[in-house]
Amino acid sequence: CGFLETIIYNAELNVANETINKLPLFGYLPVNMSLRSHASNFTLLIFYLFLGGFIFKALEWQHEVDMRQTLVDAYSNLTTTASQDGCIDLKDVKNLVTLTLTAQRYGIREWGDLTMKSQWNYFGSLFFSLVVVSTVGYGNMSPSTIWGRRVCVVYAFFGIPIFLNAVAQFSAEAKQAIARLQDKLAGKKPHRRALAAAIMFTLGTFVAFFPNFLFMYSENWSFEEAAYFTFITLTTVGFGDYVAGAQTFYFSTYRFFLILWMLLGLMYVALIIMYVQSIMQYVLRKIALERSTTKVMQVKS
């Protein structure tokens with residue numbers, strides 16, 4: 001009986017080894033959805049993001065414009081009064097600090113400059129929508145109106161599951177495509193593993209390395225700062241100490257690039273997570289099978 005059990009366990013271990021050797025990248029996960037379903041999920045996400053852009057612009061744009069004008073007027077009155085009196089007391093200093101901090105929230109970088117574009121223009125609102133549903137949450141932009149906050153709660157409640165589902169399904173489909181490519185181009189185990197590593201490295205280069213140079217140029221950051229921002233963003237940590245595109249004078253095309261980059265980057269991270277999970281599951285299963293086989297051999301002896 002022990003001999004038969006040993007054969008069974010060894011057979012299972014061989015099956016596990018053959019399975020991991022045949023895995024194109026990190027294994028086939030069960031995907032019971034058609035390509036059309038994957039496309040529908042991603043289309044729903046895109047539609048939801050564009051809808052969020054329209055909604056948040058409608059709710060926040062005019063309020064931001066009014067607040068910026070109010071803040072600039074208050075600053076002008078404060079400085080005019082101080083210049084007429086010939087001195088500034090502590091109360092005026094506190095008011096000035098409060099005004100400055102509030103103005104930063106509304107995108108005012110220089111007092112008296114109202115020509116800068118609104119943070120809540122369409123692309124800014126679209127970017128905010130992605131930050132919400134992806135749970136990155138930089139914190140540099142937040143709704144200021146009552147209805148803006150209410151809608152944000154509802155939008156996040158439905159948007160986060162939509163985003164997670166779309167990213168997971170799209171990443172699974174990308175994984176299957178890579179698997180087919182690996183089956184076609186690499187038949188032997190060493191070649192398969194080399195191709196898997198090459199694919200992941202290439203994707204990582206385009207998603208997490210090359211964009212750093214664009215951030216260095218456009219944001220005037222060092223490479224270390226750009227890489228830090230990339231990591232904090234794609235892992236959805238989102239501290240908010242570094243935010244690309246926060247300067248409102250940047251072109252809309254730059255913010256649109258940021259949106260595409262975040263989508264692709266988060267999908268790449270999902271692939272990495274799938275890879276790590278599959279490897280961990282395989283290693284744990286192999287250890288369990290080896291321990292079971294050892295126990296059977298000990299009983300037999």
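Glycine too: its Cβ is placed from the backbone N, Cα and C atoms.
According to TrEMBL, the features are:
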- 117-171: domain 'Potassium channel' (DOMAIN)
- 203-281: domain 'Potassium channel' (DOMAIN)
- 39-59: transmembrane segment (TRANSMEM)
- 120-141: transmembrane segment (TRANSMEM)
- 153-172: transmembrane segment (TRANSMEM)
- 193-214: transmembrane segment (TRANSMEM)
- 226-244: transmembrane segment (TRANSMEM)
- 256-276: transmembrane segment (TRANSMEM)
Write out how many residues of the domain 'Potassium channel' (203-281) are helix, how many strand and how many coil, based on DSSP.
59 helix, 0 strand, 20 coil
By Cβ distance under 8 Å, which residues at least 6 away from the ends of the transmembrane segment (39-59) in the same chain are close to it?
120-126, 128-130, 132-133, 143, 145, 147-148, 151-152, 155, 158-159, 162-163, 165-167, 169-170, 259
In the same chain, which residue numbers or ranges, 6 or more beyond the ends of the transmembrane segment (193-214), come under 8 angstroms Cβ to Cβ?
24-26, 178, 181-182, 185-186, 223, 226-227, 230-231, 234, 257, 261, 264-265, 268, 271-272, 275
Tally of helix, strand and coil residues over the domain 'Potassium channel' (117-171) according to DSSP?
38 helix, 0 strand, 17 coil
